[in-house]
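If you check TrEMBL, you get these features:
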ACT_SITE  Asp137  active site, charge relay system
ACT_SITE  His217  active site, charge relay system
ACT_SITE  Ser550  active site, charge relay system
DOMAIN    33-105  domain 'Inhibitor I9'
DOMAIN    128-594  domain 'Peptidase S8/S53'
DOMAIN    378-465  domain 'PA'
DOMAIN    664-768  domain 'Subtilisin-like protease fibronectin type-III'
SIGNAL    1-27  signal peptide
Amino acid sequence: MASLLLLTHFLCFTFTAIIPIFSPVSAEPAAKTYIFRVDSFSKPAIFPTHYHWYSSEFTEAVNILHVYDNVFHGFSASLSPSQAASILQHPSILAAFEDRRRQRHTTRSPQFLGLRNQKGLWSESDYGSDVIVGVLDTGIWPERRSFSDLNLGPVPTRWKGVCQTGDKFTAKNCNRKIIGARYFSKGHEAAPGFGGIGGGGINDTVEFKSPRDADGHGTHTASTAAGRHAFSANMSGYASGIAKGVAPKARLAVYKVCWKNSGCFDSDILAAFDFAVSDGVDVISISIGGGDGISSPYYLDPIAIGAYGAVSRGVFVSSSAGNDGPNGMSVTNLAPWLATVGAGTIDRNFPAEVILGDGRKLSGVSLYAGKPLRGKMYPIVYPGKSGVLSASLCMENSLDPHLVRGKIVICDRGSNPRVAKGMVVNKAGGVGMILANGVSNGEGLVGDAHLIPTCAVGANEGDAIKSYIASHPTASATINFHGTVIGVKPAPVVASFSGRGPNGLNPEILKPDLIAPGVNILAAWTDAVGPTGLDLDNRKAEFNILSGTSMACPHVSGAAALLKSAHPDWSPAAIRSAMMTTANRVDNRLQPMTDEATGKPATPYDYGAGHLNLDLALDPGLVYDLANEDYVSFLCAIEYDPKTIQVITKSPVDCPMKKPLPENLNYPSIAALFSTAAKGVSSKTFFRTVTNVGDTNVEYRVKIEAPKGVTVNVKPDKLVFSEKVRKLSYYVTITVDSKNLVLNDSGAVFGSLSWIDGKHVVRSPIVVTQMSPL
């Protein structure tokens with residue numbers, strides 16, 4: 001009875017905001033898409049398939065969009081709220097939630113990860129040959145050289161997918177590199193204001209109803225993860241070099257779930273997960289997130305649910321951490337079975353500079369490739385001086401041509417796309433733009449392929465230019481562009497936009513897990529739009545340079561493909577552990593990594609375990625492994641009841657009488673939460689198990705870097721492995737004294753625990769923080 005009451009409460013909570021009370025004369029609200037989780041064990045034997053059962057049993061669901069059979073049992077349908085409420089009363093329905101729209105988290109990086117041609121992970125894995133990477137994104141532009149199948153062997157026999165044809169996409173667009181492609185548009189087409197009521201379906205003037213990419217994002221992420229190598233690449237002369245993805249011989253399976261100008265819908269994303277697992281992918285790369293700064297509970301998050309179904313079948317899932325940094329608690333995709341990837345810089349930059357009339361030179365970045373200003377000085381103006389916010393942001397139709405004509409215009413970053421601001425300036429008669437960061441972006445800069453001469457500058461430089469204008473009635477400036485510079489120090493630096501911890505759902509699990517290259521990344525691009533993505537940009541580019549955790553995620557996806565190829569028996573958790581415990585915390589100066597937003601040392605809330613280092617991940621020594629039952633135990637620990645857990649796991653579960661502790665999930669990091677109400681000395685003990693994947697007979701000893709004001713004790717302090725002993729466990733006791741504990745600006749203190757055998761350093765970050773009791 002208690003379980004039933006909890007389930008009823010859960011379902012009522014799910015629908016509280018979406019099923020109103022109707023008066024007899026009120027009109028039925030417009031249909032929406034709902035996703036229903038069904039207890040698959042309830043299907044009567046008389047029905048040959050779940051689809052037949054759903055169609056017969058749930059007569060309200062006359063418009064079923066997707067049926068889910070693999071990672072999730074259930075269906076999505078376009079219904080009125082009253083129809084959805086009626087279906088919800090059926091005893092086989094475990095949960096339901098409204099479809100939600102999500103957004104994309106929008107060369108040299110493989111070498112920067114430690115990959116070399118002659119030895120190491122590339123050679124050990126044969127460049128990821130025969131590992132299948134599924135990319136859930138905006139599709140693919142298959143003609144790019146990055147997707148050539150030259151000298152690739154036959155398609156792996158385990159592949160069960162298809163090459164779905166459609167608008168300007170035929171079976172010939174698949175090959176031994178792009179071995180499968182599908183598109184998912186039913187959720188998009190049913191959504192009010194997009195394809196459904198008030199919308200117009202797929203707009204074939206700007207989109208392709210097929211796996212073909214009209215946006216560019218999917219082509220870019222796919223080639224980052226698994227693009228072929230050994231040919232020259234650049235974007236309008238910038239970032240010249242040899243193009244290569246992280247896993248150049250891996251096979252690609254494309255799942256188009258995102259549509260230009262309208263995002264990606266949960267019902268379509270879940271369908272793509274379902275097919276990807278059934279098709280036989282080994283890795284799933286998903287650079288998509290909520291985009292609203294709010295993380296849903298796992299049982300209401302189709303990305304978390306779909307990813308669990310994939311991971312439970314041995315598929316590694318890499319996700320982006322979101323671009324809402326540097327604000328704290330901005331990291332997204334928080335499920336502990338996901339690899340959550342933040343973004344860092346690489347040692348390549350595209351410098352530009354603003355030269356003021358008084359001779360000062362202020363540094364910035366740009367990918368502008370048009371006619372330069374050639375040192376000519378122009379009047380400079382800041383429209384925001386008037387106090388009108390839209391003018392300061394250079395929003396559409398906000399600029400007075402009399403004010404900006406023939407001048408360089410300062411535009412504040414935010415609200416509208418960075419490159420769109422330049423077009424507003426150009427439309428008003430301006431000759432160039434200085435794009436100034438605000439306080440929230442700090443000194444974090446990304447290059448854009450602007451259509452007018454533009455230099456992006458940090459908040460400090462922006463303030464200096466504005467002060468110069470305010471004190472000089474005849475202020476002037478010019479912009480110089482300096483191409484590509486390699487060997488930049490420091491690098492990596494945590495990108496200012498990268499999503500930050502702590503974990504907003506379960507702070508006992510440190511997120512992000514790690515960071516990877518995500519700033520100014522060169523990769524393949526679509527022919528459907530120019531490099532800015534603007535409708536007015538008619539340029540064609542085989543490659544484009546983009547920034548975002550969207551670009552970091554496929555680096556880890558490609559890395560997982562290489563590790564899976566080199567170690568076919570490793571689980572998704574073991575692969576993630578290998579990346580995390582070998583990650584770098586120092587930059588190319590051998591100094592602690594810094595935060596681009598502040599210039600100060602970064603912390604595990606910024607970079608998780610550190611920056612991906614594949615040279616070491618190939619041979620991590622020890623791994624922290626996890627199985628399905630461990631994740632179920634975690635869900636019990638965070639007080640999900642068995643029926644709620646079944647929404648995620650598909651199968652019924654039983655939680656133990658003694659509630660587990662969430663912090664005892666066998667994660668490669670440790671987060672200790674203490675109550676602010678606790679006075680004096682407090683302790684917490686954590687349990688971890690490591691599996692030896694290195695030399696057979698080996699002894700590891702512990703090394704502790706205790707957080708300031710914290711005592712860390714590990715028992716035993718020595719682990720001895722042999723041919724018969726491959727797994728060993730240990731306890732970590734963390735003790736704090738409230739009188740001596742001084743937390744830093746992020747509300748925590750940080751340290752680490754490492755197991756060392758003389759060859760390997762298996763490091764786990766430690767985070768200690770205080771939280772107010774509920």
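Backbone N, Cα and C atoms are what each Cβ position is placed from, and that goes for glycine too.
Predicted automatically and left uncurated, TrEMBL annotations should be read as such.
Since we're looking at a predicted model, the values are computed, not measured.
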### Query
Which residue counts does DSSP give the domain 'PA' (378-465) for helix, strand and coil?
29 helix, 20 strand, 39 coil
#### Entry: Other C-beta atoms that fall within 10 angstroms of the C-beta of Ser550 (active site, charge relay system)
30
### Query
With DSSP, how much of the domain 'Inhibitor I9' (33-105) is helix, how much strand and how much coil, in residues?
19 helix, 27 strand, 27 coil
### Summary
CB contacts under 8 angstroms to Asp137 (active site, charge relay system), restricted to the same chain and 6+ apart in sequence, sorted by sequence, are Arg104, His217, Gly218, Thr221, Ala222, Val254, Tyr255, Lys256, Val257, Cys258, Ser285, Ile286, Ser287, Ile288
## Note on the structure
A correct count of other C-beta atoms within 10 Å of the C-beta of His217 (active site, charge relay system) gives 26
### Query
In the domain 'Subtilisin-like protease fibronectin type-III' (664-768), how many residues does DSSP assign to helix, to strand and to coil?
1 helix, 64 strand, 40 coil
